[in-house]
Amino acid sequence: MALPVLLLLLALPSRSVQDEELKLNECVCEGMSCGNGDRCQGQQCFASLSINDGAKVYQKGCFQVYEQGKMTCKTPPSPDQAVECCQGYLCNMNITAKLPSSKGQTLQGEAAGYSMETLIIVILAPVVVLVIFSVVAVLIIRRIQKNHMERLNSRDAEYGTIEGLIASNVGDSTLADLLDHSCTSGSGSGLPFLVQRTVARQITLVECVGKGRYGEVWRGQWQGENVAVKIFSSRDEKSWFRETELYNTVLLRHENILGFIASDMTSRNSSTQLWLITHYHEMGSLYDYLQLTTLDTVSCLRIVLSIASGLAHLHIEIFGTQGKPAISHRDLKSKNILVKKNGQCCIADLGLAVMHSQSTNQLDVGNNPRVGTKRYMAPEVLDETIQADCFDSYKRVDIWAFGLVLWEVARRMVSNGIVEDYKPPFYDLVPNDPSFEDMRKVVCVDQQRPNIPNRWFSDPTLTSLAKLMKECWYQNPSARLTALRIKKTLTKIDNSLDKLKADC
């Protein structure tokens with residue numbers, strides 16, 4: 001009984017599949033085998049694509065025999081023939097056979113052709129854009145420069161026509177006349193701005209007399225007179241601005257401070273230059289002078305006393321309408337001191353100067369990223385313990401540096417026929433261009449000071465100078481002498497020398 005039932009159950013699905021296979025479907029018929037009709041009936045519908053003599057042939061129709069259709073439909077597509085099959089009413093209407101291999105080749109060919117065009121465009125487009133951009137940039141730059149020069153020329157023309165300005169008769173004046181006028185009619189800090197610009201435009205650069213990391217110094221001529229023109233590099237613009245600001249707002253006319261004439265931002269050789277025009281001193285810097293010249297007692301004292309006088313004038317605050325705030329130099333060294341024809345010196349380069357006024361109790365440090373010269377830095381600067389909000393701290397830094405300059409000068413003073421070669425401070429302890437760490441170790445950690453030669457102690461003047469410089473080098477900043485005290489001490493030494501000569 002169980003066996004017939006089992007056979008019956010196994011036979012049922014077979015008949016169901018057979019019924020499905022025998023079911024006829026109406027299909028879309030397209031192609032040569034369809035005759036005049038566009039429909040056909042079969043057990044399976046198909047859509048085919050074949051390549052005949054290089055041409056694509058599309059056909060749609062039906063398989064009358066299920067097994068034939070089954071075999072054909074399960075055959076994977078070849079490069080030149082493909083068939084898609086389906087079952088259902090007009091199911092092949094919206095299907096299309098595909099030739100993966102043939103299509104891939106066609107697409108690759110198309111892609112190859114397209115890639116070449118794209119490659120040409122990709123190469124040429126940036127070049128064309130770059131050329132256009134460069135041309136436009138050059139035109140814009142030239143236009144800007146032209147407009148800038150036109151503005152400068154128009155301003156000069158305006159300045160020349162304004163009545164009552166000194167600029168209108170500058171050509172008949174000497175620098176001494178102009179500076180004397182500025183001292184009696186204004187702040188005494190320099191020429192009026194319009195005169196400064198006029199003077200600057202009439203200067204001819206003659207020769208370069210010095211170069212440094214922050215710019216160049218030229219000897220120039222104005223109305224037949226020599227002037228010094230310091231041309232600042234673009235990275236030291238803040239120093240130019242600081243010196244210009246300081247000279248134009250503060251009474252700094254002193255025989256031991258470099259005389260300021262004018263400051264201007266001018267255009268030369270299609271570039272903007274920052275000029276600071278001062279008195280010209282043909283003897284050059286104290287650094288250069290000491291390398292070539294030995295000193296007697298009188299010339300040595302004249303140099304150090306004049307430097308001390310200039311520093312004291314900077315440090316002191318003067319009250320009144322012709323007053324000035326207290327100023328700290330912050331970069332005092334032999335290269336920033338110039339030698340005058342009369343044997344005295346004047347202090348130059350105020351690009352790092354700090355100002356302080358007791359009336360307002362304001363400390364004006366400026367906005368200059370430049371730092372002082374590492375070789376001349378005081379211990380508190382090297383170990384970063386300086387009280388940056390206290391003006392006296394900056395003055396004490398100047399005193400440390402003055403002591404080092406005093407040592408440089410004293411080495412070149414002849415006594416008993418003996419003199420040392422010129423050397424910079426700490427020449428025997430640090431390299432030519434010492435690092436911050438080199439100086440910190442020598443000055444702060446080891447607490448070393450420049451060597452005092454034994455022969456100094458056989459000369460009363462050098463003995464006094466050695467004592468004085470040691471009092472400038474105290475590790476404790478507050479223990480150092482003031483600039484005024486140094487000036488008075490040097491004056492006393494100078495007077496005692498004069499008295500000794502008179503007695504002789």
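Every residue, even glycine, has its Cβ placed from backbone N, Cα and C.
According to Swiss-Prot, the protein carries these features:
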TOPO_DOM  17-119  topological domain 'Extracellular'
DOMAIN    203-497  domain 'Protein kinase'
BINDING   Val209, Gly210, Lys211, Gly212, Arg213, Tyr214, Gly215, Glu216, Val217, Lys230  ATP binding site
ACT_SITE  Asp331  active site, proton acceptor
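Where Swiss-Prot records a feature, it is marked here on the structure.
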| residue | record | DSSP class |
| --- | --- | --- |
| Val209 | ATP binding site | strand |
| Gly215 | ATP binding site | strand |
| Asp331 | active site, proton acceptor | coil |
Which of Val209, Val217, the listed binding-site residues, has fewest other Cβ atoms within 10 Å: Val209
Those residues of the chain, 6+ apart, with a Cβ under 8 Å from that of the residue listed as 'active site, proton acceptor': Asp349, Gly351, Leu352, Gly372, Thr373, Tyr376, Ala401
Of Lys211, Arg213 (the binding-site residues), the residue whose Cβ has the fewest other Cβ atoms within 10 Å: Arg213
Pairwise Cα distance maximum in Å, ATP-binding residues per record: Val209, Gly210, Lys211, Gly212, Arg213, Tyr214, Gly215, Glu216, Val217, Lys230: 14
CB within-chain contacts under 8 A for Gly215 (ATP binding site), separation at least 6: Lys230, Ile231, Phe232, Ser233, Asp236
Integer mean pLDDT for the domain 'Protein kinase' (203-497): 93
